[in-house]
Amino acid sequence: MDRIKRVLSRPNAKPYRTKHINDDQPYINENGHLDFGPGDIENPKNWSTTRRWYITVIAVLLVVNATFASSSPSGCLTGIEEEFNISAEVAALVISVFLLGYCFGPLFWAPLSEFFGRRWIFYISFTLYLAFNFLCAFANNFAALLIGRFITGTMASSPLSNAPGVLADIWGPVERGNAMALFSMMTFAGPALGPVISGFLELKKDWRWNFYVILWLAGITELLMFTIPETLPSKILVNKARRIRALKIPGYENVKAPVEDSDRTLWQLFKVALIRPWQLLVDPISFAVAVYLSVVYALLYMLFTIYPIIFQEKRGWNSGVGELPLIGTIIGAFIGGVAIFMVSSRDRKKLEAGHVGVAEDRLPVAMAGGIIFPITMFWFAWSGNYNEVHWIVPTLGGVFLSTSILLIFVAYLNYLTDTYLMYAASAVAANTVCRSAAGAAAPLFTSYMFDALGVGGGGSLIGGIAVLLAPIPFLFYKYGGAIRERSKFAPTPTKRPSNGEDVGNEKNGETAQPSPDRTTQDRTSISSESSSSMASMPASPREDTYHQEGYIQEGMGYGRVALPSDTRSHDAGQLGSEK
């Protein structure tokens, strides 16, 4: 019967049609606020498994739209060059300006989603994404195409930054691993499939058909998107409190959700989103991870230029067949996702057995990825440099290169989450901006670089940089604990994060101070997030902050630190952008 109730419940938190919701005795927490009671079917984590997987699939589909659109024009750049009479480097701007939208979008979509809820931000941003893709498809000059691409990139960054938050809303700490593994793999499928489809369209149609496909995919997704409910717990509680007040239940006429009794404003959330990421960027761990992931993310978008050089220019394949080896990167991402799933299952068993880990326990995956990365880069580049080498050899190199990229992204973004806990969203936001900027620049110099150095030389340069970066996870594994002890933002068992640098929590000109320490229940969180976002990689992990429960579910279940309630919640409302 309980399962039937969860299926029948209306998840949008408006007055329920079902008779199974009992508002006569609302659950009130220790702070006097409305909260989810044990087994509450209005709690997103208590919805039926079928409903939660349905929401997960649609959230991932929204991200696939964004990542597919980011790279798909790379397969039809020749047609764009010919129609607008521009150079190849200028034509590559259609990819770069889209990725620039990734830089700016998360900084305001994340605060808006925390203030107004997930659902309406998806509705508005994705509808605008669909609308401005018409501008791209029917652009009569190159300037209009660039404007359309920048706006669609900005709108597409909404699902990249907020979809990981949706998954964290609906899945519990232990269950989330499978959902995030799917998220990680599918965010790689989009950018890999885009050039393949547009390459074949280039042979038979023209470049505009690439945008017609984007419109068709977005149109179907738009219809499905309107079926997803609100998942943000704080927003659901606000709507529930309004409903109870309207019913005028004796003793509960003035009941409030936690967020209603706070003094947070949208401006405060924006201050956090716009200022704190740059404060965290200069923190040693955040800075090193940003450098590493920027290099990897730049390579990801360089591949969409490198593959045509290897398989079209050097081997003479056409624009359709020449993009097919990119499918190998999808296979590689699947292999990486399976590996992450296995690691996640192992970690779950450890946590269930009572193991208390630290943030650095996430780094062995990055160590493996860091070793595989340069090896497969040299393999891919030098086997692709010679036409005498069978095409399957560089293709296989690309398979395992993409596996290493996935492992590196998942491990480092999870490490950021576990290191900064309640500041994780700010850390990931800074990381997203840096790597998106690197990805935007990549298409502009890749052709020059490989023309000058050759495929082998250009790949060796990237591989050499990868060798220099490979020791970073090993160093953090050994010294990360000591570095976190000295960090202003990384909470550890011996210290709380500094509030002296706090942003967006000022009241009457003074920085809000935490209340006295209070023992709270440790919660664990298992995830294989890329947040991934490869191209979304966006993945973004987020801080699972629930005001009403007075604790933070620390990303991956590591680095667990009991913190005062006020300290935890003062950065609430900010999501990581993943991406």
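Don't overthink the numbers, they just go from 1 along the chain as shown.
Cβ from N, Cα, C; glycine included.
Where the annotation comes from TrEMBL, it is an automatic prediction and has not been curated.
The shown structure was predicted, so the numbers you read here are calculated from the model rather than taken from an experiment.
Residues annotated as compositional bias 'Polar residues' in TrEMBL: 510-524. Here TrEMBL flags 525-540 as compositional bias 'Low complexity'. Positions annotated as compositional bias 'Basic and acidic residues' by TrEMBL: 567-579. What TrEMBL lists as domain 'Major facilitator superfamily (MFS) profile' is 55-481. According to TrEMBL, the feature region 'Disordered' maps to 488-579. Taken from TrEMBL, the feature transmembrane segment covers 53-70, 90-109, 121-151, 179-197, 209-228, 285-311, 323-343, 363-382, 389-413, 453-477.
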Cβ under 8 Å to the transmembrane segment (121-151), counting only same-chain residues 6 or more beyond its ends: which ones? 62, 65-66, 69, 73, 80, 84, 86, 90, 93-94, 97-98, 100-101, 109, 112-113, 158-159, 162, 208, 211-212, 214-215, 218-219, 221-222, 225-226, 228
Averaging the per-residue pLDDT over the domain 'Major facilitator superfamily (MFS) profile' (55-481), what integer do you get? 85
Mind checking which residues reach the transmembrane segment (285-311)? Cβ under 8 Å, same chain, six or more beyond either end. 71, 74, 92, 95, 99, 191, 195, 317, 319, 321-323, 325-326, 329, 373, 377, 384, 391, 394, 398, 405, 408-409, 412-413, 415-416, 419-420, 427, 430-431, 434-443, 446-447, 450, 455, 458-459, 462, 465-466, 469, 472, 476, 480, 483-484, 487, 490, 534-535, 537
State the non-local partners of the transmembrane segment (453-477) in its own chain: residues 6+ outside its ends, Cβ under 8 Å from one of its Cβ atoms. 285, 288-289, 291-292, 295, 299, 302, 306, 309-310, 314, 360, 363-364, 366-367, 370-371, 373-374, 377-378, 380-382, 384-385, 411-412, 415, 446, 483
Which residues of the same chain, at least 6 past either end of the transmembrane segment (323-343), have a Cβ under 8 Å from a Cβ in it? 75, 177-178, 181-182, 184-185, 188-189, 192-193, 195-196, 198-200, 303-304, 307-308, 310-311, 365, 391, 394-396, 398-407, 410, 528, 534
